[in-house]
Every structure is written in C-alpha cells, then in structure tokens.
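Accompanying notes for the structure given below.
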Amino acid sequence: MERDNGTIQAPGLPPTTCVYREDFKRLLLPPVYSVVLVVGLPLNVCVIAQICASRRTLTRSAVYTLNLALADLLYACSLPLLIYNYARGDHWPFGDLACRLVRFLFYANLHGSILFLTCISFQRYLGICHPLAPWHKRGGRRAAWVVCGVVWLVVTAQCLPTAVFAATGIQRNRTVCYDLSPPILSTRYLPYGMALTVIGFLLPFTALLACYCRMARRLCRQDGPAGPVAQERRSKAARMAVVVAAVFVISFLPFHITKTAYLAVRSTPGVSCPVLETFAAAYKGTRPFASANSVLDPILFYFTQQKFRRQPHDLLQKLTAKWQRQRV
C-alpha cells in the first residue's frame with residue numbers, strides 16, 4: 001500500500017479508487033447520532049402520542065406531521081447500529097442486509113421529511129392565499145391520508161435503489177458499510193444520485209420557496225382581514241414559514257450541496273486521492289446536519305402548534321398538583 005497525504009491508495013487501481021483515513025468520523029458521528037437518538041426518539045414518540053390522542057379533531061397538517069414523526073422515529077431506531085459502527089472506527093459487524101437497510105432508512109427519512117414538510121407548507125399556503133376556495137377542502141383528513149400514502153410510495157420508489165447500491169466491503173482488513181455505493185460502482189451510481197437530488201430535494205425546495213414567496217406577499221398586504229384572530233393566523237403562518245425554511249437550510253441544503261459535489265468529483269477520472277478525500281470529508285461532515293432533522297421536526301411541531309404545545313404544560317401541572325396533594 002502507498003500513502004499519499006494521509007490517504008491510502010492501492011497500487012494497480014484507478015487513481016480515484018482510494019481508501020480514506022477518516023478518523024474524524026469516530027470523533028464526530030457517534031456523539032451527534034447519540035444526541036439525535038436520545039433527544040429525537042422521545043420527542044417523536046411524544047408527537048405521535050399527542051396526535052393520536054387528538055385523532056378525532058385532526059387537521060390535514062396534523063396528519064402530515066404524524067407521518068413526518070413516523071419517518072423520524074424509524075430513522076432514530078436505526079441509529080444504535082451506526083453509533084456502534086463509527087465508535088468502532090468504521091467497522092460494520094452486522095452483515096450486508098442490515099447495512100442496506102440502515103442506508104435505506106437514512107435516505108427514506110431524509111426525502112420523506114422533505115416531502116411531508118412540503119405538504120405542510122402547501123397546506124398552509126392554501127389556507128393563507130386561498131382561504132375561501134372550496135376545492136382544497138374537499139376530502140378532509142381522508143384526502144390527507146391519501147396524499148401521505150402517495151408520499152410513502154414515492155419515497156420508497158426514490159430510495160429503494162440506495163438499498164441496491166449500498167453494500168458491505170473490505171477496507172484495511174475490516175468490514176465497512178458503504179454509504180452511497182462501493183467505489184467500483186461510482187460511475188453507475190452518479191445518474192441515480194443526481195436524479196435523487198433533483199427530484200427528492202431541488203423540486204420540493206423550489207415548490208416550497210414559491211409557496212412562501214406567495215404567502216409573504218399575501219401576508220404583507222394591508223387589505224386582508226383585520227382583528228386579533230386574523231393577526232394570530234398571520235403570525236402562525238409566518239412562524240411556520242421561518243421554521244420550515246430554517247429546517248431546509250440547516251438540515252438539507254448543506255448535505256445536498258456537498259453530496260452533489262462529491263458525486264461529481266468521485267466519478268471524474270484522474271482525480272487524486274487527496275482531492276477526493278477532501279470532498280468526501282466535506283460530504284460526510286454534513287451528514288449530522290441531515291440527521292438533526294429528526295430533532296428539528298418535532299421542535300417545529302411544538303413551535304407552530306399552540307394546542308399541542310399546551311398539552312405537555314397542562315400534563316405537568318396535573319402531575320405536580322397530584323404530587324403536592326400526596327405530600328399533604
């Protein structure tokens with residue numbers, strides 16, 4: 001083996017077939033994933049429990065939020081395997097099937113969250129910009145459940161190839177779980193990876209920005225309804241827009257920018273291992289931002305839903321009062 005600026009390159013292989021020295025992953029990913037697991041798992045369970053407890057009065061946005069929390073919960077359940085893997089220095093002992101499943105769950109959560117947040121934003125857009133139009137109110141919750149079913153089918157179709165490309169391999173005498181694909185399949189993965197970014201992120205992000213631009217113009221107009229109820233409605237819509245945009249910018253945008261750059265460089269012939277390793281480190285360094293979406297989503301829910309935000313406070317007051325009565 002031949003060392004090249006900290007990157008190991010096997011002799012006789014193409015210059016872009018490198019084995020990276022990624023010690024930063026052991027320091028960065030286990031703590032971040034542990035926080036996401038410890039914080040995100042109970043938060044999403046609470047969101048699901050609260051929405052299910054109010055199932056008779058569910059709005060369309062609540063139905064979308066419930067499915068968003070389910071996607072986050074499924075991903076959080078896969079994190080213990082990744083925490084163990086990176087804490088052991090990128091050693092994967094769980095087999096090829098578990099590797100494919102974990103990679104699929106990551107991208108299914110990522111693109112499911114993007115689409116469900118887009119659905120929530122579009123529902124808010126309809127309520128603000130077309131409040132009296134009857135066509136978007138037909139079907140009620142049943143229509144929302146149909147939309148969620150379509151979203152899950154689309155996400156599964158989008159992300160199923162990740163389970164095909166992801167695989168285990170041997171590097172430095174240990175088994176690793178490739179995130180995107182083995183290096184030998186990098187050229188074949190490129191069209192799919194780029195299409196997934198465009199269809200699974202860029203198009204929903206563009207639609208979301210268009211909705212929020214229309215909403216901002218409508219909210220800034222002075223000829224709308226007046227009064228405290230209308231003002232509260234506008235404030236709630238503004239909060240939703242700011243928080244959802246923040247989730248996209250923090251969680252999704254850096255990850256997709258660095259992933260796209262890495263895919264392009266990885267598939268370019270003649271790229272040296274140090275350059276390739278730099279792009280790989282940038283891409284893998286933004287993975288925690290994408291994972292943080294499982295924590296940010298339930299915070300978004302509580303920040304924008306006043307009714308559900310009051311429930312934990314009321315429950316805490318009841319428990320405190322009961323505890324004080326027992327002490328007397």
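Every residue, even glycine, has its Cβ placed from backbone N, Cα and C.
Topology note: A87 and H130 are separated by the membrane (different topological domain names in Swiss-Prot). Of the listed cysteines (C77, C99, C119, C273), only C99 is recorded by Swiss-Prot as the disulfide partner of C177. Below 8 A, the CB atoms of the transmembrane segment (281-303) and the transmembrane segment (145-165) form no more than two pairs separated by six or more positions in the chain, fewer than 3 in all.
Secondary structure at C177 (disulfide bond), as computed by DSSP, is strand.
Same-chain residues at least 6 positions away in sequence with a Cβ under 8 Å from that of C177 (disulfide bond) are, in sequence order, N85, W92, F94, C99, V102, R103, A166, A167, T168.
With a 10 A radius on its CB, N173 (N-linked glycosylation site) counts 5 other CB atoms from all the protein chains. On the 0 to 100 pLDDT scale, the topological domain 'Cytoplasmic' (304-328) averages 59 in the predicted structure. Of the candidate ranges 63-83, 102-122, 237-257, 102-122 has the most C-beta pairs within less than 8 angstroms of the transmembrane segment (195-215). Per DSSP, the topological domain 'Extracellular' (258-280) is made up of 17 helix, 0 strand, 6 coil.
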